[in-house]
Amino acid sequence: MTRQPQSPSWRAWLTTDTPQSRAQARLGRAWAGWCAFRRNRMAMIGLLIVLALVVVAALAPLLAPHHPYDQDLANRLQPPTAGHWLGTDGFGRDILSRLIHGARLTLMIVALVALTAPVIGLVIGTVAGYRGGWVDAALMRVTDIFLAFPKLILALAFVAALGPGIENAVIAIAITSWPPYARLARAETLTIRHADFISAARLQGASGPRIVLGHIMPLCVASLVVRTTLDMAGVILTAAGLGFLGLGAQPPLPEWGAMIAAGRQNVLEQWWVAAMPGLAIFVVSLGFNLLGDGLRDVLDPKGD
Amino acid sequence: MTGSSPRALTRAAGLIASVAATLFGLILVTFLIGRVVPIDPVLAIVGDRATADTYARIRSELGLDLPLWRQFLRYLVAVLQGDLGTSILTSRPVLDDVLRVFPATLELATVAVVIGAALGIPAGVLAATHRGGWLDHIIRLLGLIGHSAPIFWLGLMGLLLFYAKLDWVPGPGRVDVFYEGLVDPRTGVATIDALLAGETDVFWSALHHLVLPASILGLYSVAYIARMTRSFMLDQLRQEYITTARVKGLSEVRVVWRHALGNIAVPLITVIALSYATLLEGSVLTETVFAWPGLGLYITNSLLSADMNAVLGGTLVVGVVFIGLNLLSDLLYRLLDPRAR
């Protein structure tokens, strides 16, 4: 790496209209995107919420005032007090500590789904779009079948078959959420497969897999990232829904949806037990929605 | 015969083929899900003290000794004849169960979609006419908020606020306890049954019980309907006929609500049909919270008692309704929009 000049000229280096290297051009593009993104106040709030989720998850044992599994039956269903900021649940466990540790589960679910479903969709969509013909027809038919199912119901059926648990919930969500990515990647592929630079690569003797991997997939990434961020709110809600129905994370894991289910019996008297985890789900999924909206404005200005 | 009819025929054939293929895939998926269940269906029937002979006999009766594709063929034929197996929980045919509980879901989703459209369309129109203004931002933000809250949590909080604290609405269930079973379930839709029987008290009770779950479910579709209305409206307001109407001196209200909105009616209908389909899905969680005896509650209750026939049968029916609604929105679009013909 070349040494960057001292500030404030690094800004000039980034914003120059005559970049000297590919890296400089890329960083300059990223910088321009960041500048546009930064002006969007809502998107910045979203980014802060998502970053806060990551920090809380990383530092959970340090931040939590109590152990998430420590029961104290003498102090069960206590309203919020100085000792327990968000009150205690039916086993006298500190709700705040459980929420903080639950951030790890939420982040894990989001990360696993975000790393699997878009990748599956990317591969299927680009291959279908590039190959065309019967490969395209067959792959898109499969995609349509999965799209024809309501997501939550299909996830329910999968979890019913695989057995409840957080891993199976992740698998079920990933299986049900790849089709829109495949559609998107295919549409992007169709618009670029006849471009001159693809023909040039082919004439130079590049193989099909090489063109798909090296030339088509990178161009699909931007729109897939936006779509993934926007979908993460839905993933969080589906995972919480599965947890609420008792099909996701099993007790005593502090999964937010399962915590709402546990507080359901007492919701009319001890409302905080169910209200607090729901608030956490709401804030985090709002964060992803705001972030996704902002990213869409920066990366994909066509879509209103 | 006009020249366009062969094209219309090919198109219809293509549509039928695509729907048939999707249905086939749907049945294949539920079949495969049923095969990966770790529960041994033979053991579930004969118990673990049965002899090897009994076990083998039941196994071949269920067709489990056949190759997988033969098993799938049996399943396919059975499903096409309306045989979804027997529910372990209710020991009745799954299809009968599903048909019995489905009207409750239909009632909930229908009222929800009416609420969603009644709030979403005006919100979208206002957002479009005030594009970039504070009203647009507020509507967008409200939409995001509605889309970020878990629906079962909203349901619980709604019960807490409007039932326990304010006492505006009744608690979970479809009618007040003392009205239950009073009216003959002719259609399965509580409000209509009460009207048919001439029981206005029961009707009001049923309507009261419907308000909160349907509003919360409807809220879910408001954001989507409002966003689509906004973008359709923005397209229309750019057109020349709008300028013409304004130049002619028509009032802004008439231009927006009559001319522009009238021209987006067709795409809006398809949007509403699509959100109707997503509401069926949202009803699973809503029904659980509100003890609403519909298809969603049926599927979740069957899940918790490992009643796979009922789960897969219910899933299949929801999938078929989903495909049906998508097809309907497609057909409506072609029927109502002369340009799509």
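For all residues, glycine too, the Cβ spot is worked out from N, Cα and C.
Annotation comment: TrEMBL describes A:43-64 (among others) as transmembrane segment. When Cβ-Cβ distances below 8 Å are used as the criterion, the transmembrane segment (A:43-64) is approached by residues 37, 94, 96-97, 100-101, 103-104, 106-107, 283-284, 286-295, 297-298 of the same chain, each at least six residues removed from its ends.
What TrEMBL lists as domain 'ABC transmembrane type-1' is A:103-292.
Same-chain neighbours of the transmembrane segment (A:105-131): 53-54, 57, 139-140, 143, 166, 169-170, 173-174, 177-190, 193, 208, 211-212, 216-217, 220-221, 224, 227-228, 232, 235-236, 239, 249, 253-256, 281, 284, 288, counting only residues six or more beyond its ends whose CB sits under 8 Å from a CB of the stretch. Taken from TrEMBL, the feature transmembrane segment covers A:105-131 (among others).
Summarising the annotation, TrEMBL assigns transmembrane segment to A:152-175 (among others).
According to TrEMBL, the feature transmembrane segment maps to A:207-226 (among others).
Remote same-chain residues near the transmembrane segment (A:233-251) are listed as 105-106, 109-110, 113-114, 151-152, 155-156, 159-160, 164-166, 169-170, 172-173, 177, 257-258, 260-262, 281, 284-286, 288-289, 292 (criterion: CB distance under 8 Å, separation of at least six residues from the stretch ends). Here TrEMBL flags A:233-251 (among others) as transmembrane segment.
Long-range Cβ contacts of the transmembrane segment (A:271-292) within its own chain (Cβ-Cβ under 8 Å, at least 6 residues beyond either end) map to 42-43, 45-50, 52-53, 77, 79-80, 86-87, 89-90, 95-96, 98-99, 102-103, 106, 110, 226, 229-234, 236-237, 240, 256-257, 259-260, 262-264. The transmembrane segment annotation in TrEMBL covers A:271-292 (among others).
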Residues sitting near the transmembrane segment (A:152-175): Cβ under 8 Å, six or more positions beyond its termini, same chain? 105, 108-109, 112-113, 116-117, 120, 146, 235, 238-239, 241-243, 245-250, 253, 255
